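Asker: The transmembrane segment feature in TrEMBL is assigned to 58-80, 136-154, 174-195, 216-237, 249-273, 285-304, 349-367, 388-411.
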Amino acid sequence: MAVQIYRVVFEEGQLTLRPYHVDLFRKDLTFHRQDALEDFGVSRYRTQVNNTTINMRILHASFLALSVVGFALLWGGMAINGTLDAINTVKAAHKFPDNTPLRNVYTHIPPLDDFLTTLTVFFYNLTNGKNAGPRLLFCDLAIILQVVVLWILAESRRGYNRSRWSIFGDIRTPALWGVMMNALGAAFILPIYCFRHLRNDSSRRDSGLTENEAKALPITILISATFPLMLMLPPILSAATESQQGWIALFQVTPLLFSLVQIINSLAVTSFVKKSDHNSTEKKYLKISYLLAGLIASTAHLSTLSTSVFSTDPTISFASVFLPWHTTVDQSTPTGLVMGAHLFTQFDFLIITITCSVYAYALLEPLMKRERHIALYKQPSIFRDPMVAGMVIAGSAFFLGPAATVSFAFAMREDGVRKVVGKMR
């Protein structure tokens, strides 16, 4: 789209009009737009661009602060309130405080078995069905982690430029990010991933997924949504304690299973589904995947939220499920270990929610900026006002859940990326 703009210049003692050509869809859009506006004496545009750049840098840096806070709350909290000592006591005694035996062999590789045993001690009381409130929140978190791996897998295909931040992990290895979140806490790892992703220029490119990979994603997310059943079904089916603990250990590698399922599904699609003639097919299926992930995550969160509010169980309430009111844990009681683990998941969920709210805003900010300055996108009017957009995102994170909010933001952003790339081609 080209428009003709004239600027008034003073030449040879007289005023003349000089044509100025502006192509709104060229890659050097900002240069032309800025010069044209300055020719008319509008210098505010440069100031707005500079302020936006500064604000985005602050926004990106906030993820590192959230990671530090997350680590302090999760691991510093467990060290202070005695939960880490309680876990070590259970490992040394090979049994829980209620005399439930602890399985300590999973792979016959001692260092790995010791690590999996630690995670089993932590997760067992959250999933064994004896503690309804902690189990309810953990179900929500388990779904969130599956959806996060979808984002990482899909976004890893847009390209990757190595930098000094690669010490935090390669963006092309979603399984590694997912396993670290399972093992170390998403409140610690997820902000680092968000920072790394937003700092990567390729995050603004068109999707690098092939058509077959994109078509396989909706199937993969449906399958991965069943992974939390590894933790929830064994107690319901009255499985043996050893079996329950084995499923807990297996759940730690579900991000790797997610990647393997995606590879298998992609190969199956290649063999059985005819390739489309449309170039935009992969974008359509990627958007469907994000919307499907958002639907699954929002359903899980709304279920958790409504149960915590309307449950007739006296041990379940919104405050007891979500809010970390207490910061100390009495480890001398039989419920001390589960209280410490529940406090961990409450802080985990709190930091995840804040992180995802900031992340969703950062993902949509380029669309909001173009909406305000270029009027290129026909987004709803709420995205023209940053304050209103931030309030909508925060409300969505509370009611629909953090994972659903970011998934829907990715779907909207995919439309914007597609339009920009299409105009530049």
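We count from 1, first residue shown onward.
Glycine too: its Cβ is placed from the backbone N, Cα and C atoms.
Just so you know, TrEMBL annotations are computer predictions that nobody has curated.
Not measured: the values here are computed from a predicted model.
Each of these features: where is it, how hidden is it, and who are its neighbours?
Answerer: For the transmembrane segment (58-80), same-chain residues at least 6 beyond its ends with a Cβ under 8 Å from one of its own Cβ atoms are 184-185, 187-192, 194-195, 198-199, 327, 340, 343-344, 347-348, 350-351, 354-355, 358-359, 361-362, 365.
Using a Cβ-Cβ cut-off under 8 Å and counting only residues 6 or more beyond its ends in the same chain, the transmembrane segment (285-304) has close neighbours at 136-137, 139-140, 143-144, 147, 150-151, 154, 207, 209, 211, 214-215, 217-218, 220-222, 225, 321, 399-401, 403-405, 407-408, 410-411, 414-415.
Within the chain, the transmembrane segment (349-367) has long-range Cβ neighbours (under 8 A, six or more residues past its boundaries) at 52, 56, 59-60, 62-63, 66, 69-70, 73, 137, 140-141, 144, 186-187, 190-191, 194, 198, 204, 322, 324, 377, 379, 383, 386, 389-390, 393-394, 396-398, 402-403, 405-406, 408-410, 412-413, 416.
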Asker: Is the transmembrane segment (174-195) packed against any residues at least 6 beyond its ends, judged by a Cβ distance under 8 Å, and which are they?
Answerer: 60-61, 63-64, 66-67, 70-71, 73-75, 115, 119, 141, 144-145, 148-149, 152-153, 156, 165, 168, 251-256, 258-259, 344, 347-348, 350-352, 355-356, 358-359, 362
Asker: Which sequence-distant residues neighbour the transmembrane segment (249-273)? Criterion: at least 6 residues beyond either end, Cβ under 8 Å.
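Answerer: The answer is 106, 116, 119-120, 123, 142, 145-146, 149-150, 153, 174-179, 181-183, 210, 212-213, 215-217, 219-220, 223-224, 227-228, 230-231.
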Asker: Mind checking which residues of the chain, 6+ beyond the ends of the transmembrane segment (216-237), have their Cβ under 8 Å from one of its Cβ atoms?
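Answerer: Result: 123, 127-129, 135, 138-139, 142-143, 146-147, 149-150, 153-154, 209, 243-244, 247-248, 250-251, 254, 257-258, 261-262, 265-266, 268-269, 285-286, 288-289, 292-293, 296.
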